[in-house]
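*Asks:* Take this structure, written in structure tokens, and hold onto it; I'll ask about it next.
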Amino acid sequence: MMFNVFRVAADFTHAISILILIFTIHRRRSAEGISLLTQLFYTLVFLTRYLDLLFWWDIGYNTIFKLYYIGSSLYILFLMVKVYARTREEEKEWKVAAIILGASAIAAPIMKGIFGGAGDWFLETLRTFSLILEAFAVIPQITLLRHTQIPTAITSYYLLALGLYRALYIPNWIIRLTDSNDGFFDPNAFIFGVIQTALYIDFAWIYYRRQRVKIRENGAILDGEDFISGGLILGWLMGKKGGPVAGRTTGGGWRGGGLSVSADDEVMVRDSDSGDELEDELQDESEEDLEVEGLGSQRNLIDPTK
């Protein structure tokens, strides 16, 4: 049975997660904390997976969702690049993204050759590529989130919907495999679906750790113990100690107006400097008062009228 309750629930949950992200960006008028690289990956995933729209067309359930995924992902990119402010990734994050993209392209024909699959070889290879890329597409978002101090457009509702989407596909695959009338099983979809679910759990863990950050109007204050120390998985693979990355800048279009980490750091340094200056001034005033009192006491000793 191609459709079951888990498949339908997964599709609608995925669609809702995208709506939540778009709504949050508009409501906050900022795309801060959202990884452009991850959103580029998602767009590429949908374009390569649903390339069959160029050859087979019907107005049905699958086609509507395919068009929705492609259109919404392109719209999110438009918001991030042309409309609202966003946090820019650093060069090393682009290098990691290039490695993920290259590894997915190399692994796709290999995994397709190992597990086979019905249908056109080119389209099936592209579909395998999209499965691999989608599994690791969240890594740039995870690395950006673990180094970002400011409020982001990522919400717990978005994370919950995104995690449920992929998790619900796992029982869907099991049901289809055990169904005597269907018996469908895609090893590539299952393997990389499990990997993707694990990384989403890591994503949620880092987001949970970020909630210990204390937010103020002009940015965020992190205590030493509150610096994000990686996720459950990537923290082990990439090093335990996280922390803020200095020099992050805000990009976006002409309407961009969010806080960048670098701007917030400047405010924090300025506040710290102001506090030090005030402390020095108070100390100087105290010393002057003591000197004046000392001179007064000496005058009392030598003044015969006193």
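Indices start at 1 and increase along the chain as displayed.
Here the Cβ of each residue, glycine as well, is placed from N, Cα and C on the backbone.
Below, the features straight out of TrEMBL:
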- 6-25: transmembrane segment (TRANSMEM)
- 37-57: transmembrane segment (TRANSMEM)
- 63-84: transmembrane segment (TRANSMEM)
- 96-115: transmembrane segment (TRANSMEM)
- 127-145: transmembrane segment (TRANSMEM)
- 157-175: transmembrane segment (TRANSMEM)
- 187-208: transmembrane segment (TRANSMEM)
- 271-306: region 'Disordered' (REGION)
- 274-292: compositional bias 'Acidic residues' (COMPBIAS)
*Asks:* Against which stretches of its own chain does the transmembrane segment (127-145) lie, if we need a Cβ under 8 Å and a gap of at least six residues from its ends?
*Replies:* 33-35, 37-38, 41-42, 44-46, 48-49, 87, 89, 93, 96-97, 100-101, 103-105, 107-109, 111-112, 117, 152, 154, 188-189, 192-193, 195-196, 199-200, 202-203, 206-207, 210, 228, 231, 234, 238
*Asks:* Near the transmembrane segment (6-25), which same-chain residues lie under 8 Å Cβ to Cβ, leaving out any that are not at least 6 residues past its ends?
*Replies:* 31, 34, 65, 68-69, 72-73, 75-76, 79-80, 84, 153-155, 157-158, 161-162, 164-166, 168-169, 171-172, 175
*Asks:* Counting Cβ pairs under 8 Å to the transmembrane segment (157-175), which of 37-57, 96-115, 187-208 comes out on top?
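*Replies:* Of the candidates 37-57, 96-115, 187-208, 187-208 scores highest.
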